Amino acid sequence: MRIELSSGMTSSSSSSASSFFARFWSSALRSKPLSPAVETSVHTSSGDGLVRRLGLFDLILLGIGASIGAGIFVVTGTVARDAGPAVTISFIIAGASCVLNALCYAELASRFPAVVGGAYLYTYSAFNELTAFLVFAQLMLDYHISAASIARSLASYVVTVLELIPFLKDNIPSWVGHGEEVLGALSINILAPILLVLLTVVLCRGVGESSIVNSIMTVTKVLIVLFVIIVGAFEVDISNWTPFAPHGLNSILTGATVVFFSYVGFDAVANSAEESKRPQPPGLCCIVHWGLLSDYWNGSIPISWRRCTFGPSFHLEGLKYVSVLISFGAVAGLTTTLLVGLYVQSRLYLGLGRDGLLPAIFAKVHPMRHTPLHSQVWVGLIASILAGLLNVRVLSHILSVGTLTGYSVVSACVVTLRWKDKTSSQASTRSISRRGEGIICLFTIACCGFAAGVLFRYGASFVFLILAAVIAMFSAGALYLRQVYTDPPGFSCPGVPIIPSVSIFFNIFLFAQLHYEAWVRFIVLSIVTVGVYAFYGQYHADPLGSNASIVYHRAPAEEAP
């Protein structure tokens, strides 16, 4: 009797486990239907939704506001410690990679309905639900850490500006704005959370109000940046460019991965599509600013001073008025970068709340302000805790992981969505076979990029690097010859599948240059994300979006540009 009972229990648990995994894989492989790229309006179950208030000029300033800020006022000095004057090359390498990514983003932005989601939404339609959730988690951690890091830098610059007042100079405790380390891992900063709360309040009031703040601050910082470029041109000492790359090519590539998270302007624009009057494909216009500034800064500042950020460096050079101006520009620049970063995070949470992968509270939109208040408060709270308590300099080592992997997946989305247009009329078995073959090619390109990056990082023979590159080229050739592609309506990324393949290889090559902590973070977060999906997401997700109905309608002809 006991044996029969034990056997029955074993059979029952085995059946339960089998049922769980069957449901898991069935849910994980679901995808979101791709709807036509026409103008949309989104309504939640309560009838409230986001409103279209952002014009083309607002979107341009939104992208610039996200891009010109941390890259100039925070990252340049950090990267120059190792890369030296070659930090300029680091920015150019990261920028070149992002130009390829921007082309892919532009096609998908014109191809998809104008709703929030960005890389997460593209992945959900091109691949599957679990991959989309993984992309969201990796990107979101990047956003959370960068928001905390930028908030602390902003607090430090605000204190610098306040110390221009004579009676405050040297009288502000370090724990107020610069940070005071406690027990090594902790670093107390009071001002950073306060600034985050203020910006969260601005964003909660509405996209129109936050857009006005962003526009004013962005114009201010661009003018200051142009002024610094002009002044720096007359202060360049060519001897400061020697040695140009004191620690070799490895430090340049590592620097490129660190500055990569600065190039997120087009991702911000993509996530603002639902609030845009006339959604436009995102673009890049900031690489020249970064290149010139880093060039002039390294040419103006002796190598022994390059541990400083821009303001203190020019002060040491005797250009005190430029240092003061840079401090004001930094406050404006970091404010807009932080503002846009918090904005994008809340819209991503809104998208997942609508799809059921996160609790429905994140999908709620305020009926009067037309902003996702709960999502906005949540991202502000997370950033405030990180900025107020943790040593974000340590956390900055794991930055760019989500950005690099997310952008690689976006590039792959361009390729796979082109297949869907062509294979839908073919026999199902052949369609699956072709698709599987193509995904294997894309995965091979990514693996070759990582292998080449690791081999280069650890000084392996160039023969092995060339071998990895050749395998990637054969895979890209197979994609080109074995698949059939159709140009999508709207903007079309040129050179598909070659340009997306190069983008994937380049992104993953840079990924291999990250600190080893970043690799650990990628693996650990992926495991945690799969666990969250297994025990919550798969049971609540709704790819058809019943949590928010999407109404598609053509824009009137007279409104077309």
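Note that Cβ sites are derived from N, Cα and C of the backbone, with glycine treated the same way.
The structure displayed is predicted, hence computed values, not measured ones.
Per TrEMBL, transmembrane segment is recorded for 59-80, 143-162, 182-203, 215-236, 248-266, 321-344, 373-392, 398-417, 438-456, 462-481, 493-512, 518-536 (among others). Taken from TrEMBL, the feature domain 'Cationic amino acid transporter C-terminal' applies to 491-540.
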Result, the transmembrane segment (321-344) in contact with the transmembrane segment (182-203) (3+ CB pairs under 8 Å): yes
Cβ pairs under 8 Å only, please: of the recorded stretches 143-162, 215-236, 321-344, 438-456, 462-481, which one is richest in them relative to the transmembrane segment (373-392)? 143-162
Please work out the helix, strand and coil residue numbers for the domain 'Cationic amino acid transporter C-terminal' (491-540) from the DSSP assignment. 39 helix, 0 strand, 11 coil
Out of 143-162, 215-236, 321-344, 462-481, what stretch is closest in contact terms to the transmembrane segment (398-417), meaning most Cβ pairs under 8 angstroms? 143-162
Restricting to the domain 'Cationic amino acid transporter C-terminal' (491-540), what is the model's mean pLDDT? 92
